Protein chains: 2
Amino acid sequence: MEVIHSIADLRSRISEYRRKNDGSVGFVPTMGYLHEGHASLLRKARSQSGLVVLSIFVNPLQFGPGEDFERYPRNTERDLEVAEAAGADLVFMPTVSEMYPTPTRTTVAVSGLTSRLCGASRPGHFDGVATVVSKLFHIVQPDQAFFGLKDAQQVAVIQQMVQDLNLPVEIVPCPTLREKDGLAMSSRNVYLSDEERKQALVLSQALDKAKEFVQSRPNFHAAELENLVTSHIASAPLAVIDYVEVLAFPSLEPFENSTHTDSIILALAVKFGKTRLIDNVILQLRK
Amino acid sequence: MEVIHSIADLRSRISEYRRKNDGSVGFVPTMGYLHEGHASLLRKARSQSGLVVLSIFVNPLQFGPGEDFERYPRNTERDLEVAEAAGADLVFMPTVSEMYPTPTRTTVAVSGLTSRLCGASRPGHFDGVATVVSKLFHIVQPDQAFFGLKDAQQVAVIQQMVQDLNLPVEIVPCPTLREKDGLAMSSRNVYLSDEERKQALVLSQALDKAKEFVQSRPNFHAAELENLVTSHIASAPLAVIDYVEVLAFPSLEPFENSTHTDSIILALAVKFGKTRLIDNVILQLRK
C-alpha cells in the first residue's frame, strides 16, 4: 500500500497502472476516521477491482459555519492500518491547499434532491459534496466508486450528478454497517458521551419498528410512519429531532402512497448533545 | 470521417482508438454552422492530435428566454464538408434528448468570471456553457480541447472550471478569425442584412483604434479606452451597444491601471437589428 499526497503523483501512479494492466480502478472516497463501514466499502472494491484507491480528505466545502469541520475526528495512523487490512492499494491524502490551491469559483449543484432532509438542515452541504466528489472523480478517474447507504441522500445526489454530467463511473451503493446493538457506524459516534451513546439506540430501534409497521400494512400514510418513529425517538430524553421524513426512493420526492412508488426511504437526523446522527432504512413496498 | 449520434457509440469508438493507439484525442466542441474560424480550430487539433473529435450540438441550456435557440442557423451538409476538409475523424451530433434524456438537475456554475460582460447580459448563459462542456468532456475525455478566443469570456470560464474541478484536459485557446474587411467570423453573421453587415465593420475598426491608443500611451484610464470605442461604434446608426468594457485578462476583474495587470481585454457586445455580435481584443500592456 502506498500513501500519496499530491494530485500529480496519484495521477501518474494510476495511469502507470492503466498502462500495464487491464483491471478496473475502484475508488472509495472518505473523510477518514475509518470504521468497519468504510472497511466494508474497501473490501467490496477489493473484490471487484484491480486497483483500489482510497481517499481521505475532510472537505471544508461541505461543512457549514458552526459545524464540526475543525473538530472532525482524525487518526491517520489507525486509518492506514484499517486501509491496509481491507485491501487498499493507494491512499490519497491531500492537504486542503492541494485540493483548493486558489479559492474555488466553480460549484457543482444538484437541485431537487438536495432541498429536503440534510439538504434543508445543512444549506450548501450537498453543493460541497458534489463539487469535491466531481474533483476526486476527475483526479482518480475510477471505473467504480463505492459509497455507504447510511448517507443515502448523498448516494442519490451523486448518482444524479453522474447521470446528468455523463461522468464515466459506476456508483456502487453499499449497505449500512451497524454496531452489535444496532447503532449505525459513523465517525461521529466517537463524540457521544456514555449516556448519549446508550440513548442513541432509539434510532435503529425506531427504524426496526417502522420496518415491521410497513410489513404488516399494505396501505399506510407517511404521517403514520413518521409519528411512530418520532414518538419512539422522543422516549430518549437527550434526543433532539432535526427531521424524520418518509420519501420516495431514490427520487427523494414526497411519498404519496404505495401506488406511485415501489421503494421508500425513512430517513432521520437527531442530535444528542452537540452530535448530529443520521440513519435511514430503505423499504420495498408490497403491492 | 464518421458521423456518430449516440453517446455510447462515441465512447466505444474513442476507447477503441485509445486501446489501439498512443496518440492523443483532440476535441473541438461547436454549435455547428461551421465557418473558417471553426475550421482553424479543427486544423489546429489535427496538427496536434491522433484523433480529432468535433461535436455539433446547439445546447438549449445556454440560451435564455427570447434568445435565438429556435432560429440558430443549422446546415449539417455543409458542416460535414467543412469538418472533413479540416481533418475531423469523428463528428458527434447528438439530439437534445440524447444529451438531456431527463430534465437535468445538475448545474456547473462558475462565479466571479460570469458576473460581467455576456454573463451580465445573458443570465444563466455561462452555467449552461459550463454544464454542457463538462458533459462533453466526460463523454469524449479528450487530452486537448480547442476554443476560439472570439468567445474570450467562455474560454476564461472553461479554464477556471477545468482548474477548479481538476478536469484532466488541456484547454487550447485559438485566435479569432476575421473576414477580409475585419468582421470577426461568427455563425450569427448570417443574420445580418446587407446594411447591418456594412455597419458592423465599426466593431473591428473600434478595436483597432483601441490597440493604437494603448500602444501610444503607457498610462491610460479604462474609461478613456471605453469612450473611444463607444464613440466610434456610435457612428454606425444601426448599432445598439450592449456593453463595451475593459477588464484585466484572464481574471476578468476590474482593470485599475497597468501596474496591477500585464494583460487586458477590451470586450464588446453590440446589436444590429435582432443580431447580437461580440468581439474583443486582448492587449499586452507596456511596462
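Each Cβ is built from the backbone N, Cα and C atoms, and glycine gets one as well.
Note that TrEMBL annotation is computational and uncurated.
TrEMBL has this to say about the protein:
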type	residues	note
BINDING	A:31-38, A:148-151, A:Leu177, A:185-188	ATP binding site
ACT_SITE	A:His38	active site, proton donor
BINDING	A:Gln62, A:Gln154	(R)-pantoate binding site
BINDING	A:Gln62	beta-alanine binding site
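Sequence features annotated in TrEMBL and their locations in the structure.
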{"residue": "A:Met31", "record": "ATP binding site", "DSSP class": "coil"}
{"residue": "A:Gly37", "record": "ATP binding site", "DSSP class": "helix"}
{"residue": "A:Gln62", "record": "(R)-pantoate binding site", "DSSP class": "helix"}
{"residue": "A:Leu149", "record": "ATP binding site", "DSSP class": "helix"}
{"residue": "A:Gln154", "record": "(R)-pantoate binding site", "DSSP class": "helix"}
{"residue": "A:Leu177", "record": "ATP binding site", "DSSP class": "coil"}
{"residue": "A:Ser187", "record": "ATP binding site", "DSSP class": "helix"}
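Here the C-alpha separation of A:Leu177 (ATP binding site) and A:Gln62 ((R)-pantoate binding site) works out to 23 Å.
Non-local neighbourhood of A:Gln154 ((R)-pantoate binding site): A:Phe126, A:Val129, A:Phe147, each in the same chain, at least six residues away, with C-beta under 8 Å from its C-beta. If you take the Cα of A:Leu34 (ATP binding site) and the Cα of A:Gln62 ((R)-pantoate binding site), they are about 18 angstrom apart, rounded to a whole number.
Cα to Cα, A:Leu149 (ATP binding site) and the residue listed as 'active site, proton donor' are separated by 11 Å.
Taking the Cβ of A:His38 (active site, proton donor) as reference, residues of its chain lying under 8 Å away and at least six apart in sequence are, in sequence order, A:Val28, A:Thr30, A:Val82, A:Ala86, A:Gly148.
In this structure the C-alpha atoms belonging to A:Gln62 ((R)-pantoate binding site) and A:Met31 (ATP binding site) are separated by 11 Å.
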